[in-house]
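**Student:** Have a look at the structure that comes next, please.
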């Protein structure tokens, strides 16, 4: 549904100064023309476009992900290029040096790919299965909660709090992730529950 | 070698010798000298060809001789290095015999006779005439200019050491010097062809007595006079 | 932001102070350069460094970090003295005319009710005088000795240009030039916008920095108008959203807050949240608090939340201290009082003050869980990296689990931008390896925890067992399911009071707006301010119509803006008391005799008569507050306080150290450099660079190319004094740690004269660490002090003390 | 605001210009008739530039270059200079304005200017290694490049760089692949403040006037357009707040021209050179025809024998 918006974009509502570039007008003559020896074939041809939002600052620039393969068709998709979305009111297709290099963060050599565990005193991470990892985590959390949960304070008031374990919520996740996190964590009575709003 | 110009030992060089007989043969260049010369000659030709291919578009086709433009660009300076050292060898061998002499001035004054081939009107000459000396010193000077300016524009190794303006001057000088050295080379080669019997000197190493008598009589007399200077002959 | 990025194009004057928009928000900054190019707008930058924003500014004034309040109160003083006040606005839309209780006083930097032991105030006197009619007493003439206006005038009188120069180091003429330009915006047809960020928040009095500018903006009549407002640039996308959804220790979604021990039940809790209007006819929107709260509780516990059990009110934890912010969390870790800590993204080892203390804290945990798409220092805090992270690995008994998550390009959902736009995005790539979305991880933790409580029982399992979990695949709630919950839905039919045969609300449907929410349990809503974002009409956040009628910059049909798709908050204030726009050329709303018309969704009822209802509907007064009552822990008026680590004593209150009510843990006080310490003579500040984003882009080869190596910035004067060469190594140390850095020696930083003393500034970017593609380097938090803002605990990263010397670099150690 | 160029096409599109749209070709001639297309240009408004380096990041990502990670040398310029992997570079200058005593942080995006009269192309000895398209773009054809570095010496702006890896010359292509499908270059697309805009050269001049008016209104009375006539104008132009002092912008040349040395070398030089060599050869031939061979006569041999008589070696 995000693709339907026509590309007329802002050319209709051009701001001050000249009324849009005549780029489309120049050169285009012979439809059969082949790329010149020096000119690389246009690399976005036959890629799939997906509208997304830059992950960095709260300007939240519109971006377009170009991928080989289409998730909407149930295919695996490899992102091959990322560029600003010219239709976006805020950034108008522009991006900052971080945004312009988004592709290299998606493909960073230091992306995490498997659950890992560093055992007490060890000097390295070892691979571990998701089940093992999640069970470990939940075990520790429950044992701690059962041990340190405070139902009543000294005054006998029901306070139902748990302050010996905590979570630092993400800042780059969606509202939806935030809400799921809120439900899961608050329902345990956890209070040491913060985010990065401050830094 | 303290006596005055008239009878002081002349520019007979190691390996020069005369063999009486019919005809008389004269050893002019040793094997070493000849190998040295031909390495130099081949490098110079290759340099000229590769250089010219990058000098004027109409000659770019010459790069095929070297396996294409990239190879031409890469090899040219290395051949230059070979030429430089090879020519240095020749220089050490021949510089003394190429020192300027009074008769060279006379020879130059009578350049018309030289061109007309009237040797009899010329003074008796030692191992080299003024023309050859001119070629020798010309080559020496030009090769130094070329190697110097060449290094300045040898970007692969020397890019950081000079400014772009200096490189521009260098490449202009390099091109100019190259043109001149090619002309000198033409004179050199033509002279060898025109004066029959010369080429043998650099191939067999020998010339006939008659050739020596005609073109370098003073040198021949000295050889005959067995007053070999510098010692260790090939005899 | 009260306004939006695209609205900045409408301004006449941009003041960038307490931020560096060009550096940290380049694409938003575009609207500043547009305002300049198209409206002839001017840009003023006030900052310790001549920064990237200053490079395109019309006027730059230097200021010593941590003295913004003095500068801003100086501006307010200038406006009041020179009659540069938008009187109609101040009289009708602010509490200038309100009378303050007898007994309220201010002396030597302290207000009435200070308790030095508690480092806190009894704020009883910080209130309005309530008249016999039960409403706050006012004096329309503003002349009353206890009117807010009179008190403010007295309060700011001391902040003369001379005092500003003495405190801030801003040359008098430069201050006056700024004051002159700013004061021009008191005209109803000239607006100024304030763009600020962490440069104001990261101080022990960060909230008051911002509040002071907000007061100035009220006096100039610039709140609620196009091209005006208080515009927090905000940091990460989606930190606005995380805050909206209330992921803070003391918050509930939609800016409601958790109960404290003093509020044993729902009744007691609500009693302090009645918010009855303080003036006649005012909206006081928080009167609906109970509807929002009950609807939230219904979304948490669904059918299990009933009137009988106060809708599960007791299933929420209560606070025994104001908050369990992350500074307190690390303090507790250090004291060995924490067992497990989960980091969902983020990299606290780099991001919070005093790295040494952070390492000590993490080392005392039983379990640390890091969920992240990328390698972080936090996940490897136990790994020895020589001088960059010199820890005794074998001695650290913390078990660390590192979980790979998807990144933005691989997940779906909404992010809230600085302008409160909820923008939906779609996944474009397949995640690498076994990376999983955070929603899956959270669901797995919940399901496993619930299973254990079912089988083993344990401490108070009710809130976990009863948590409403209505998702098609319980193991992976979809973004759509979750966002529809936040928008809110109708739980039970509500008959139409007019005609019981008809249904006012029909069970199972999405609510259309928060106006439909009810406090009887018949509606559920996860985050009331998001109501309207996913209605029966579909996903409003996915709307992509970029049409903008009359180029106002509103883009009303682009995504969804909370609340109620309102693009400019307090927009009622864009028109005068009669509902006529202050500036017809910048009309936003207008009263046409029947209703409010214009380009935005009015924040008051569309048919509420202009003279009746004030624009500041979230305030019980209905007007903007120049006097904050007891809402701020550190005073109803802002006061200049020095940073805890300051190169000079506070000239207006020499006895006061830092912010008198800021929370400081005992051990940390011992780790502060003394005021004007000869040991640590230089005033340091930390900041971001445009080439990097926090500690993520170290992992990005391209950004590492653009800014490869940790450096500090110093003036040519300091470099000369210390024999530091451009590009040479320096060692910088504070009372908490020491770093090596390359030196960028620049004309853009100049020594300042404060109270007769030469102050050298040391600028310290924050982006380096021991993992990633960039060169190994030190994070700035090796140096920074462990103290936060008095109201919201934002660490004081912007002003601290260091010493510096030329060095041969880390290799030599 | 300069209206954004719509998002790129993903459907196959035929290029707007190609090999038959060349107006210049190094060390060779172009097949006539070379008809001129609408000239394009990139306008860099230095007064709007915040030095964020988005252009550099976008350039790397679009052109898939692999610039190595360097070190900090005491300035914001990174990498420290243009490289075969970094086609554009922000150059930062801290300048104290003597009139106002104000510090000005001048930030100029350096890179190929796409000269109307390109010195690189003039100097290039390899046929077709450097071409100029009918829309003004000057492009390097790497298949034909021999890596001689003559383009470096020919360029008045010190732009081309020779790769140590494949020994070929690299520089900004003005994203010819993007322009070919009606897009602007990657740097222009990214530029957050639209300090970089792209369009036809006429539009760019018009836009520049609009910007210069604004600058003059702010007291920059010497604001102006940098479109140096010495190289026939450029297809990358600057708006400068101090157009009277281009050199304060990290040594932007005041009046760039192709160096007279290069003109001499690549102009008359190469013809004179060939001529001289030709003459020398011809002279030899003529002389031989006139004078004939210089032969040793029997008398000479006889004299030699006489001279050597009785001497035994």
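Going from the start of the chain as shown, residues are counted 1 onward.
Even glycines carry a Cβ here, placed using N, Cα and C.
Keep in mind that TrEMBL annotations are predicted by a computer and have not been checked by a curator.
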**Student:** Which residue of D:145, D:148, D:155 does TrEMBL report at the same [4Fe-4S] cluster 3 site as D:112, D:115, D:120?
**Tutor:** D:155
**Student:** In TrEMBL, the residues D:59, D:172, D:175 are said to bind [4Fe-4S] cluster 2. Which of D:49, D:52, D:187 is said to bind at that same site?
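**Tutor:** So the [4Fe-4S] cluster 2 site in TrEMBL includes D:59, D:172, D:175 plus, from the candidates D:49, D:52, D:187, D:187.
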**Student:** In TrEMBL, one of D:1-21, D:22-42 is tagged region 'Disordered'. Which stretch would that be?
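**Tutor:** Matching range for region 'Disordered': D:1-21.
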**Student:** Same chain only, please: residues at least 6 beyond the ends of the domain '4Fe-4S ferredoxin-type' (D:40-59) with a C-beta under 8 Å from a C-beta of the stretch. Say none if there are none.
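**Tutor:** Apart from its flanks, the domain '4Fe-4S ferredoxin-type' (D:40-59) reaches 65, 76, 78, 86-90, 92, 105-109, 114, 135-137, 172, 174, 179, 184-201, 204-205, 207-208, 211, 215, 220, 223, 234-241, 249.
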**Student:** By Cβ distance under 8 Å, which residues at least 6 away from the ends of the domain '4Fe-4S ferredoxin-type' (D:136-165) in the same chain are close to it?
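**Tutor:** Same-chain residues near the domain '4Fe-4S ferredoxin-type' (D:136-165) but 6 or more away: 17, 26, 39-41, 82-85, 110-116, 118-130, 171-174, 176, 179, 201, 230-231, 235, 253, 256-259, 262, 266.
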**Student:** Do me a favour and check the Cα-Cα span between residue D:175 ([4Fe-4S] cluster 2 binding site) and residue D:115 ([4Fe-4S] cluster 3 binding site); whole Å is fine.
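**Tutor:** That comes out at 15 Å between the alpha carbons.
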**Student:** Of the binding-site residues listed here (D:49, D:151, D:172, D:187), which is spatially closest to residue D:120 ([4Fe-4S] cluster 3 binding site) when Cα positions are compared?
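**Tutor:** Sorting the binding-site residues by distance from residue D:120 ([4Fe-4S] cluster 3 binding site), the top entry is D:151.
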**Student:** So what sits near residue D:191 ([4Fe-4S] cluster 1 binding site) in its own chain, CB-to-CB under 8 Å and at least six residues off in sequence?
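**Tutor:** Sequence-distant Cβ neighbours: D:54, D:55, D:197.
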**Student:** How far is it from residue D:148 ([4Fe-4S] cluster 4 binding site) to residue D:155 ([4Fe-4S] cluster 3 binding site), counting Cα to Cα, in Å?
**Tutor:** 14
**Student:** Which binding-site residues among D:52, D:112, D:148, D:155, D:187 have a Cβ sitting under 8 Å from any chain A Cβ?
**Tutor:** D:52
**Student:** Round to a whole number and give the Cα-to-Cα distance in Å for the pair residue D:115 ([4Fe-4S] cluster 3 binding site) and residue D:172 ([4Fe-4S] cluster 2 binding site).
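**Tutor:** Roughly 12 Å, rounded to the nearest whole number.
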**Student:** Neighbourhood of the [4Fe-4S] cluster 3 site (D:112, D:115, D:120, D:155): other residues with Cβ within 8 Å of the Cβ centroid, in order?
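**Tutor:** Other same-chain residues with Cβ inside the cutoff are D:113, D:114, D:118, D:119, D:121, D:138, D:151, D:154, D:156, D:157, D:159, D:160, D:171.
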**Student:** Restricting the comparison to the binding-site residues D:52, D:124, D:145, D:151, which residue's C-alpha is spatially nearest the C-alpha of residue D:187 ([4Fe-4S] cluster 2 binding site)?
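**Tutor:** So, spelling it out, the nearest of the binding-site residues is D:52.
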**Student:** Given binding-site residues D:52, D:115, D:187, D:191, which are under 8 Å from chain C when comparing Cβ atoms?
**Tutor:** D:52
**Student:** When the Cα-Cα distance from residue D:52 ([4Fe-4S] cluster 1 binding site) is computed for each of the binding-site residues D:59, D:112, D:124, D:151, D:172, which gives the smallest value?
**Tutor:** D:59
**Student:** Filter the binding-site residues D:49, D:59, D:145, D:151, D:172 down to the ones within 10 angstroms of residue D:112 ([4Fe-4S] cluster 3 binding site), Cα to Cα, kept in sequence order.
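**Tutor:** Those close enough are D:172.
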